[in-house]
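K.L.:
Here you go, one structure.
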Amino acid sequence: MTADELVFFVNGKKVVEKNADPETTLLVYLRRKLGLCGTKLGCGEGGCGACTVMISKYDRLQNKIVHFSVNACLAPICSLHHVAVTTVEGIGNTQKLHPVQERIARSHGSQCGFCTPGIVMSMYTLLRNQPEPTVEEIENAFQGNLCRCTGYRPILQGFRTFAKDGGCCGGSGNNPNCCMNQTKDQTVSLSPSLFNPEDFKPLDPTQEPIFPPELLRLKDTPQKKLRFEGERVTWIQASTMEELLDLKAQHPDAKLVVGNTEIGIEMKFKNMLFPLIVCPAWIPELNSVVHGPEGISFGASCPLSLVESVLAEEIAKLPEQKTEVFRGVMEQLRWFAGKQVKSVASIGGNIITASPISDLNPVFMASGAKLTLVSRGTRRTVRMDHTFFPGYRKTLLRPEEILLSIEIPYSKEGEFFSAFKQASRREDDIAKVTSGMRVLFKPGTIEVQELSLCFGGMADRTISALKTTPKQLSKSWNEELLQSVCAGLAEELQLAPDAPGGMVEFRRTLTLSFFFKFYLTVLQKLGRADLEDMCGKLDPTFASATLLFQKDPPANVQLFQEVPKDQSEEDMVGRPLPHLAANMQASGEAVYCDDIPRYENELSLRLVTSTRAHAKITSIDTSEAKKVPGFVCFLTAEDVPNSNATGLFNDETVFAKDEVTCVGHIIGAVVADTPEHAQRAARGVKITYEDLPAIITIQDAINNNSFYGSEIKIEKGDLKKGFSEADNVVSGELYIGGQEHFYLETNCTIAVPKGEAGEMELFVSTQNTMKTQSFVAKMLGVPDNRIVVRVKRMGGGFGGKETRSTVVSTALALAAHKTGRPVRCMLDRDEDMLITGGRHPFLAKYKVGFMKTGTVVALEVAHFSNGGNTEDLSRSIMERALFHMDNAYKIPNIRGTGRICKTNLPSNTAFRGFGGPQGMLIAEYWMSEVAITCGLPAEEVRRKNMYKEGDLTHFNQKLEGFTLPRCWDECIASSQYLARKREVEKFNRENCWKKRGLCIIPTKFGISFTLPFLNQGGALVHVYTDGSVLLTHGGTEMGQGLHTKMVQVASRALKIPTSKIHISETSTNTVPNTSPTAASASADLNGQGVYEACQTILKRLEPFKKKKPTGPWEAWVMDAYTSAVSLSATGFYKTPNLGYSFETNSGNPFHYFSYGVACSEVEIDCLTGDHKNLRTDIVMDVGSSLNPAIDIGQVEGAFVQGLGLFTMEELHYSPEGSLHTRGPSTYKIPAFGSIPIEFRVSLLRDCPNKRAIYASKAVGEPPLFLASSIFFAIKDAIRAARAQHGDNAKQLFQLDSPATPEKIRNACVDQFTTLCVTGVPENCKSWSVRI
């Protein structure tokens, strides 16, 4: 049977594909076939939004053109027949930016830029549907988009200028409702704006591209069945119900796909293959919406976005009593997923997928929704009850049946309904527990006639509490019923200690908490229905427990110092210059590694990794791999021409030989003609193992004495004397979990052999060109000078590409050497997370001695980190943790020790802060316990113990230019700390089940590589005869704005406009022997190198300037050229006077320190563990800022990354050492809605730093730790909750990091948690272990 042609439009151009493969996604087609690389691959599972595009089609049922956003990484091209696709390239370019592109660029909303095109397209789609959106609609548009760099504030602030309801004016003062005016401090004068909205192009909806007329002409043409055949899969697009039922009768195993949001993931990540896929999306009956007498019936193919809009309309016009169920469904849909998923995911698919943690199925089950099932010749209606899901991922449907529709019922008089969900993150997250709850009372009474309590996340399917609910019938809605239900649920809803998903006590407690919320909500509604006399009055302190999550309108302030009035307009230092690549990033023109056009004879590589934590390799079978079309070769350690040993300490291998030491250890690599064939072949490689004992956790390592190197120690004073003189001594321990970098662009390399003298060129996404070069050269057995490494830009790095990127690059270089052809590999997100390691988990055991006044006199901390299977940078990271164990406090008698645990996990590595945040969190943890034990305000104890100017640290470095007290006092004042503390106490008295916390935290962060010789930077400056300047330096651009700052430095040094200066890339053949772009020091080191090179040029131009004092610049340059004077210069800088000895505790490890203070307020839900970040005020000393926009962006971005570290991001490993959390669906980084509602950042004024270029300071890492103010505010709120339930206010309790909903809920001990205590049998292995 012949296949049909696929016809669709992309950016107005017609595309006819004669060989459409159902396995090809729109993303792959756009990038590889059409060369449209603006759309990015961030995760491949619809979780990050980097691949967002807009789809436009004529909707025959609504009789209109509709526009909606989709994830191109999940959309099969076969689903796009007769639609129009718009990508970021289709709406504007750098010659003429669309207003959406312009505003994100000019409001500084693009740092690394990898997420930017997807965010642009989400906003563009909103504006196509709603040219004048509200602020809330704008925020909701980004629920399916993630950004790891910016902290989201500048994106939202830029796009709020489109809003009709008080769009931000950016501080221009033209808006009477301006957020800055509303919250303006009296203590500091307002800065100029970071951007001026008046400069923005207005949005003109009439100028948008039209829907293709050819597609519009087809609207009345009957749709016909289509067939597309790929290499392994056939896709049939059914156009009528009859065709569909016939197909299902003939092929009962055929998969029905509408949005591909589930099947696509199963095929990609679970290696499932469905040879026949049938798409029923066109069938009218499956898309119909029917308003019946008992409810609204939705066809099974109706997208969830349509369900949402229909129910919203009904809720607006129907009586409240009739829409109880509708509002429950809407509450679940609110947090269900991003717009991209809801636009295509069908209501029927959501039901039939039968997920045990479905958001919607418990709601449908509790509501008694009716399902209509049809097959050829039969039709039946069933109620969705406990029998509908007979087992894991199973339904009552017969193989030949399909779901035709679902009827969501109207609620009756006396019926109440609520829906609940708790996840790690509110937006776009998989639930831990979901629930639908319904009660129907006998008319005019509070006696229960029907009660339905349904749950997801409590079994292998959606369940109903069938033992508990019948016992409540005919009971009155009162305290007695509450106790009965809670006892019943605790008994009925048991979970095994090793239940998949873990968090057993938390999940069990949530079922009771949800019912308690439902009980209170119903009680409240009964009171409004004049039944208060029967049921009793709701305690007013309980009322807030019934409130659904509401977010106040955001308010943001950014304060910075203006440049001097006499500064030349051409001198851009100190001005908020946008990132130089922002326009290219916003238009999709910025080129990342995988965007480089493919070579004609290019091959693709996929890694083959270990599935065991520690084992001998007994055999490798490649026979199945070789059968895959396009297979070229399989590489192992035997193929390495020179040295298989690699890594910073030669303790790693290019490929594992004989033995593997972690899950994810690279054993070999498959090379094939396409990425898809390479991946299939890699999965076909079968490896057998002989398991060896594995060490997974820090505790395992301690028990087995498994460490790297000797103990590291810093000691000062007389510890014994200090403890003996102390009034109080407190001991304890703190565990700090690891963190995944989650740069949006995964590791990527293209290796191109040059065919002579062993030369090779590598295009790499790396922070470390030098080590990439030397590791490849060593592996191949050639001198470094034969290997050129080039980096244009990275889509984020954060330390994750400092050393670990080399494991990919080295394998690629071997493949290119072996085949003699260019080879490319961009890791999939799950591979990247599995292989590359992350932030080190820490365990600290501390003992602190202090006086009754709160003065700390003695401290001892033993630090243990989980280093993983190789040493990598673990020792330097532990050293920095010890250097920062004091944070900002003078402790006369102190000892800090550090051990790095050698475990069978992927090697952990550098991550923004480099051990500093772990050391400082421990310091603030015991400091908070000192304050509690003394009964003193924490802020007083912190201030009392703080260093002063000229003090020596515990490692004997003198503090000079110590601005921290200024930052502290300014933050106390600008945050109105003392007044707000009283307000928090008042709120906590008035609310039993919601509590607020407030905390202020300082940071002191040392700037320099602690390995002295790394503190060097270089630059190369070429001046061309037209006066243009090409600048190269040793640092790489990963979104932090380094290139922009270097151009600003060169501009001031040469006294020419920034427009004359260009940076193309970083490469080993321009600036050699570079230090990694890390340690926050790159602007300092390379900036000074740039300055030196520019000075050399200026000296050479001096004679020509004297001859022509008025210039212009171009004349001096031409005169120098014609006089045969070199117009090329290098510059070099090394940081002076560095070097510390652990043996003698002397010398300076740091050139200077950066300081900052943050005050944060949170509100926790004691029943669910949920929290919201109400407000954060930050005062940061960045010296004389080179670029306030970039520096504020770094402060906000680092803070939000720290927010993830301390409250949200949690890695789950199995007891066998296998990572569970391998993508955005299971690993949650902060989203748009996670940031503080009020976010106020102030750069300290008048604090020039004499030790760095143009008096600036480092900013990349220091602000991250300030997010611990959120952690400690949460702990403050938990303490208030525990005090309410009988805990002594001075009683200490352990709260490990991150403070996830699970930890918050479990710490808020109450009558519900005590019912759900779950013992763990001795030999039971839990689902995940604390590594």
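The backbone N, Cα and C atoms fix where each Cβ goes, glycine too.
The structure displayed is predicted, hence computed values, not measured ones.
This is the feature table in Swiss-Prot:
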BINDING   Cys43, Cys48, Cys51, Cys73  [2Fe-2S] cluster 1 binding site
BINDING   Cys112, Cys115, Cys147, Cys149  [2Fe-2S] cluster 2 binding site
DOMAIN    228-413  domain 'FAD-binding PCMH-type'
BINDING   256-263, Phe336, 346-350, Asp359, Leu403, Lys421  FAD binding site
DISULFID  Cys535-Cys992  disulfide bond
BINDING   Gln767, Phe798, Arg912, Ala1079  Mo-molybdopterin binding site
BINDING   Glu802, Arg880, Phe914, Thr1010  substrate binding site
ACT_SITE  Glu1261  active site, proton acceptor
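What does the local environment look like for each feature on the list?
P.N.:
In the three-state DSSP scheme, Cys73 ([2Fe-2S] cluster 1 binding site) falls into the coil class.
Around the Cβ of Cys112 ([2Fe-2S] cluster 2 binding site), the same chain contributes Arg148, Cys149, Tyr743, Leu744, Glu745, Arg793, Met794, Gly795, Gly796, Gly797, Met1038, Gly1039, each under 8 angstroms and 6 or more positions distant in sequence. According to DSSP, Cys112 ([2Fe-2S] cluster 2 binding site) sits in a coil region rather than a helix or strand.
Within the same chain, the residues at least 6 positions away from Ser346 (FAD binding site) whose Cβ sits under 8 Å from its Cβ are Val258, Gly259, Ala281, Ala300, Ser301, Cys302, Pro303, Leu304, listed in sequence order. When secondary structure is read from DSSP and collapsed to three states, Ser346 (FAD binding site) falls in the strand class.
Cβ neighbours within 10 Å of Cys992 (disulfide bond), excluding its own Cβ and spanning all shown chains: 20.
Same-chain residues at least 6 positions away in sequence with a Cβ under 8 Å from that of Gln767 (Mo-molybdopterin binding site) are, in sequence order, Met794, Gly797, Gly799, Lys801, Glu802, Ser805, Thr1036, Met1038, Pro1076, Thr1077, Ala1078.
Remark: Arg880 (substrate binding site) has Phe914, Gly915, Gly916, Gly919, Gly1006, Thr1010 as non-local neighbours, by Cβ distance under 8 Å and separation of at least 6 in sequence.
The 10 Å shell around the Cβ of Glu1261 (active site, proton acceptor) contains 29 further Cβ atoms across the protein chains shown.
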K.L.:
Other than Glu802, Arg880, Phe914, Thr1010, which residues of the chain come within 8 Å of the substrate site, judged by Cβ distance to the Cβ centroid of those residues?
P.N.:
Leu873, Ser876, Ile877, Glu879, Ala910, Gly915, Gly916, Phe1009, Ala1078, Ala1079
K.L.:
For Glu802 (substrate binding site), what is the tally of other C-beta atoms lying within 10 angstroms of its C-beta?
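P.N.:
The Cβ of Glu802 (substrate binding site) has 23 Cβ neighbours within 10 Å.
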K.L.:
So which other residues, same chain and not among Cys43, Cys48, Cys51, Cys73, have a Cβ within 8 Å of the centroid of the Cβ atoms at the [2Fe-2S] cluster 1 site?
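P.N.:
Result: Leu27, Lys40, Leu41, Gly42, Gly44, Glu45, Gly46, Gly47, Gly49, Ala50, Asn71, Ala72, Leu74, Gly118, Arg829, Pro1224.
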K.L.:
Write out the long-range same-chain contacts of Leu403 (FAD binding site), meaning residues 6 or more apart in sequence whose Cβ is under 8 Å from its Cβ.
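P.N.:
Within the chain, Leu403 (FAD binding site) has Cβ neighbours under 8 Å at Ala300, Gly348, Ile351, Ile352, Leu371, Thr372, Leu373, Leu397.
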K.L.:
Identify which of the binding-site residues Phe798, Phe914 has its Cβ surrounded by the largest number of other Cβ atoms within 10 Å, counting every protein chain shown.
P.N.:
Phe798
K.L.:
With a radius of 8 angstroms around the mean position of the C-beta atoms of Gln767, Phe798, Arg912, Ala1079, what other residues of the same chain does the Mo-molybdopterin site pick up?
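P.N.:
Surrounding the site, in chain order, are Gly797, Gly799, Gly800, Glu802, Ala910, Phe911, Phe914, Met1038, Thr1077, Ala1078, Ser1080, Gly1260, Glu1261.
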K.L.:
So how many other Cβ atoms are close to Thr1010 (substrate binding site), meaning within 10 Å of its Cβ?
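P.N.:
Taking all protein chains shown, Thr1010 (substrate binding site) has 21 Cβ neighbours within 10 Å.
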K.L.:
What are the non-local neighbours of Cys115 ([2Fe-2S] cluster 2 binding site), defined as same-chain residues 6+ apart in sequence with CB under 8 A from its CB?
P.N.:
Lys40, Gly42, Cys48, Gly49, Ala50, Asn145, Leu146, Cys147, Arg148, Cys149, Leu744, Gly795
K.L.:
Where the distance is taken from Cα to Cα, which of the binding-site residues Cys43, Glu262, Gly349 turns out closest to Ala1079 (Mo-molybdopterin binding site)?
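P.N.:
That would be Cys43, nearest by Cα distance.
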K.L.:
Check the Cα distances from Arg912 (Mo-molybdopterin binding site) to each of the binding-site residues Cys43, Cys51, Cys73, Leu256, Gly349 and keep only the ones within 10 Å.
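P.N.:
Hits: none.
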K.L.:
Going by DSSP, is Arg880 (substrate binding site) sitting in a helix, a strand, or coil?
P.N.:
helix
K.L.:
If you compare CA-to-CA distances from Cys51 ([2Fe-2S] cluster 1 binding site) to each of the recorded positions Leu256, Glu262, Gly349, Phe798, Glu1261, which comes out shortest?
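P.N.:
Of all the candidates listed, Glu262 is nearest in space.
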K.L.:
Calculate the distance in Å between the alpha carbons (Cα) of Cys73 ([2Fe-2S] cluster 1 binding site) and Glu262 (FAD binding site), and round it to a whole number.
P.N.:
12
